[in-house]
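Let me give you the structure first, and then I'll get to my questions.
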Protein chains: 2
Amino acid sequence: MTSALQVLIVGGTHGNEFSGIQLLQRWQQQPLRFDNLMVQTLFANPKANQANRRFLDDDLNREFTPERLCDFNLVNYEALRAKSINQQFGPKGASQTDLVIDLHNTTANMGPTLILLQDCPWERQLAAYVKAQMPEAVILMELEKSYQQWGYLCTIGKRGVMVEVGPQPQSVLRHDILDQMDQMTQLILEFASLHCRQELPQLSHEVEVFTSVENITLPLNDEGKPLAMVHRRVEGSDFTELAPGEPIFQYFDGSVGYFEGERTLYPTFVNEAAYYNTFAAFSLADKLKLEVPAV
Amino acid sequence: MTSALQVLIVGGTHGNEFSGIQLLQRWQQQPLRFDNLMVQTLFANPKANQANRRFLDDDLNREFTPERLCDFNLVNYEALRAKSINQQFGPKGASQTDLVIDLHNTTANMGPTLILLQDCPWERQLAAYVKAQMPEAVILMELEKSYQQWGYLCTIGKRGVMVEVGPQPQSVLRHDILDQMDQMTQLILEFASLHCRQELPQLSHEVEVFTSVENITLPLNDEGKPLAMVHRRVEGSDFTELAPGEPIFQYFDGSVGYFEGERTLYPTFVNEAAYYNTFAAFSLADKLKLEVPAV
């Protein structure tokens, strides 16, 4: 008999992203049951939620780098909470948890996005499975760092993924967004259960994924203040083509800034409210077809 | 010669509504000039903006009731700021300022909305003028209280109006929303200038306005926690018809709540993030055609 996979579903890593928190409540009342999965849930930052903020002192979803987890001089609230979560469900790199699914909202028009941090057969098959069941789903791979080097909470698991659904303003619960997050999360669990039991159905031969390329910051003046906002051409255009020469910035002096890339890329996280303090405008991703290993 | 009207344009009454704050910066560099208007600007709550919050202690845009302005036991930050603003640009009821225009954002899909707090010939003519120049504009009259009884900042002026533009998440600056706020504000100034000089053009005989009727709160359990969220039928449907019997609440137990009104009304402020702590779901307005007094 195959032993059960330990799965952790996390909501409220950011206190003002309400969908995951609401789903945890639902699943505590109506537990998720999938063959061969032991599913636990974690409300990661209830104190930030009480304060209706993303975090109290520091972004919890950046605390889980190996360096920060080992640095006992970091004593802000989220640094301590990270160490506690890592102790309870990790430890990172030698985890008792097979899979962590962390639930997030974005103010950007990204639809239901599955964020993967590794490009291995398991991830490609998961991507193909989710896309087949939920065609509106978007797969975004963040591969700029190794899985272990990311500071994301989900990396305390042997495998970790994020479900990122928007557009939803902070501190709002949208019905449509909640349903999308529910559906995507259950598909991931279904996949993990089928994969564990070696009962996956036939999958497509290839799957479309976006891979993150770079972050685009607003142009700043000498004092570090923004000189421009995101141009309306790019607003709400997550995962659609952006060609070299197209407008990306509307300067406050009336002039326009253009995309100086050498090839067509795809904006993501356009105008994400949580990044206002970093002056992030959007990120750019490439679109690829990846081969899906046969089941 | 007609004496100049004293006009005050206010931004940042709520610290995380960025459009008005940005427009103030633009207009400080490129001052607004309209015949017969003396235009000043006010950044109402820069400390809340620094904290990237709507307010520090209390909602500044509810502080301007006659009672609160006179209550010197109210010593929270916004209560003090309100008294200072009232002293500088009011005082309410005997104001040195002829017109206050207060600029706001909403996370609701309300488009460019002009909120009026009185239904007098001046307001009806303003509504007709703005609608003629900007057909996508929506006029919302809040008449449940007398002008003086509202706690809104703009009521410190002899006349006060609010420009409310969305959808825009808190802490985000959208190009399209900024342009709509800019256009509507300049149309109000243009109207005030033309009205003052008795040079208004011919206006339409009637104008469509929405008048607010009631606030709809989420259903709560005995502990005061929400039992439901706004149903997807109503999400994003500001200023569109809602008929009796249509779904308005999706309960977390899976059941649906229906609109029990006796006639078709129009939701406004659907899922406004700033009202999360009051459990407001949306407001309802009626739609009317009002006669516009001849120029």
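Note: Cβ is positioned from N, Cα and C throughout, glycine not excepted.
Here the structure is a predicted model, which means the values were calculated and not measured.
The active site, proton donor/acceptor annotation in TrEMBL covers A:E164. Annotation source TrEMBL lists Zn(2+) binding site at A:H14, A:E17, A:H104. Annotated domain 'Succinylglutamate desuccinylase/Aspartoacylase catalytic' per TrEMBL: A:5-191, in sequence order. The domain 'AstE/AspA barrel-sandwich hybrid' annotation in TrEMBL covers A:206-287.
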If you run the three-state DSSP split on the residue listed as 'active site, proton donor/acceptor', which class comes out?
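The residue in question, the residue listed as 'active site, proton donor/acceptor', is strand (DSSP, three-state).
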Centre the Cβ atoms of A:H14, A:E17, A:H104, go out 8 Å, and tell me which other residues of that chain have a Cβ in range of the Zn(2+) site.
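Here the nearby residues are A:G12, A:T13, A:N16, A:G20, A:R54, A:N61, A:L103, A:N105, A:T106, A:A274.
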How long is the line from the C-alpha of A:H14 (Zn(2+) binding site) to the C-alpha of A:E164 (active site, proton donor/acceptor), rounded to the nearest angstrom?
12
Cβ distance under 8 Å to A:H104 (Zn(2+) binding site), same chain, sequence separation 6 or more: which residues?
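In sequence order, A:T13, A:H14, A:E17, A:G20, A:N61, A:M162, A:V163, A:E164, A:V165 meet the Cβ cut-off.
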Would you find the one among the recorded positions A:E17, A:E164 whose Cβ has the most company, meaning other Cβ atoms within 10 Å?
A:E17
Look up A:H14 (Zn(2+) binding site) in the DSSP assignment and reduce it to helix, strand or coil.
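Reduced to three states, the DSSP call for A:H14 (Zn(2+) binding site) is coil.
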